[in-house]
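Presented below is the structure to which this report refers.
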Amino acid sequence: MHLIVDANIPAADACFGAFGRITRIPGREITRAHLDNADVLIVRSVTPVNEALLADTPVRFVGTCTIGTDHIDRDYLTAQGIGFASAPGCNAEAVADYVLAALLGQAEREGRPLLERCVGIVGAGSVGRRVQARLEGLGVDVAVCDPPRAAREGSAGFVSLEALIARCDVLCLHTPLVRKGPYATRHLLDAGRIAALRPGTWVLNAGRGDCIDGDALYRRLDGPGDITALLDVWENEPGIDAALHARAALATPHIAGYSLDGKLRGSLMIHRALAAHQKVAGTLTLDDICPPAALAELTLGRIMPVEDALRLCVRAVYDTRRDHDLLARRANKSGMAAGFDACRAHYPLRRELATLTVRLTGEARALAGPLAAAGCNVEASPAA
Ligand SMILES: NC(=O)C1=CN([C@@H]2O[C@H](COP(=O)(O)OP(=O)(O)OC[C@H]3O[C@@H](n4cnc5c(N)ncnc54)[C@H](O)[C@@H]3O)[C@@H](O)[C@H]2O)C=CC1
Ligand SMILES: O=C(O)C(=O)[C@H](O)COP(=O)(O)O
């Protein structure tokens with residue numbers, strides 16, 4: 001069996017080597033010609049998988065080691081009887097870490113706590129639910145807009161996007177890119193909704209770039225300049241709009257989900273799906289392919305505001321400014337598109353917050369409840 005595998009997929013040999021011969025190709029460079037004698041195609045989000053790529057090839061199984069599936073023409077795969085699997089939820093923890101790190105960082109920069117702000121979550125699936133739980137655990141006032149869920153579950157607990165915009169200080173977008181239908185998300189934040197944002201609002205997008213009208217966002221940032229953009233995803237990646245990039249307070253190259261843990265979980269889920277497709281046992285576990293974290297634990301022994309304590313813990317594993325600076329440097333050196341992809345291809349090691357054990361001693365034990373609810377793996381020492 002011959003497998004074409006995106007070069008940006010970690011542990012490819014461990015996960016797919018037993019199935020056959022692997023050829024690794026950068027995802028944006030995979031073409032129809034590479035698939036002439038391929039049986040399996042394993043991608044991430046940057047390879048459009050459709051009739052143009054697959055017609056008249058022997059490919060019988062496609063896997064994407066990502067949550068998002070907007071790059072896949074699933075109707076075409078179904079019509080051709082080609083097996084398909086994605087990796088729902090694989091890097092949702094990493095994205096939630098990114099959001100916490102970004103919001104805590106911005107709050108510190110502005111000198112006003114996150115706890116005093118109302119955060120609106122648009123799209124409360126695997127990622128949005130985690131962000132909601134962590135922020136509520138910290139004590140933040142949260143509002144949620146998710147019309148598909150509201151239609152299924154009843155409207156209690158959900159608000160409209162207009163109500164959320166009117167009420168919230170922070171908007172976090174975690175919607176998939178859906179191009180048509182009653183819940184389409186392309187330009188969900190359009191010019192009208194961007195104009196309606198209250199001065200001082202932060203807009204964070206870690207879903208898909210096309211969910212925001214980038215030109216309209218740029219006009220608001222460049223004109224009144226009274227809102228703040230924290231952007232991980234962009235229209236036209238990797239050749240993103242340099243002017244919008246320059247105006248964003250946080251500008252990262254679509255890496256919110258790029259923890260080692262999240263990427264390996266994605267590889268592993270597709271390993272299992274391919275094994276099921278081939279009717280063999282997929283026996284690998286995350287422990288087989290994921291090394292222990294270098295920073296295993298830290299100890300807090302003094303009481304402090306819970307937001308400061310959480311910022312300390314989150315920063316011990318990840319600081320979004322590192323990735324902001326990385327993109328700025330690489331874009332400056334190699335141009336935007338090449339710099340954007342270079343950051344992703346050579347992404348520095350990052351582990352998830354849950355890999356860190358936070359030991360609480362003495363008076364700091366009072367922080368156990370909120371820190372655990374905000375996503376920390378807490379161990380409180382018994383009272384002396
Ligand atoms: N920046 C990054 O590195 C990453 C980005 N993503 C993106 O985040 C998206 C969300 O991921 P998950 O939460 O795992 O997906 P999910 O499918 O679990 O949840 C998506 C949620 O959005 C809701 N939704 C759909 N249309 C909506 C609309 N018009 N308005 C409001 N809500 C709507 C759905 O009902 C669902 O609850 C992915 O589809 C992917 O595009 C995912 C992982 C990493
Ligand atoms: O899982 C998803 O959906 C994502 O957006 C991925 O984290 C994107 O990863 P790449 O495809 O850009 O490597």
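Just so it is clear, glycine is given a Cβ too, placed from its N, Cα and C backbone atoms.
Keep in mind that TrEMBL annotations are predicted by a computer and have not been checked by a curator.
Between the candidates Asp146, Asp213, Asp287, Asp288, TrEMBL assigns the NAD(+) site shared with Thr175, Asp232, Gly257 to Asp146.
Here Thr175 (NAD(+) binding site) is positioned 15 angstrom away from Ser45 (substrate binding site), judged by their C-alpha atoms. If you take the Cα of Thr175 (NAD(+) binding site) and the Cα of Arg208 (active site), they are about 7 angstrom apart, rounded to a whole number.
Ligand 2 lies within reach of Ser45, Gly257 from the recorded positions Ser45, Glu237, Gly257, judged by a C-beta closer than 6 angstroms to any of its atoms. Nearest by CA distance to Tyr258 (substrate binding site), out of the recorded positions Asp146, Arg208, Asp232, Glu237, is Asp232. Nearest Cα neighbour of Gly257 (NAD(+) binding site) among the listed recorded positions (Thr66, Arg208, Glu237): Thr66.
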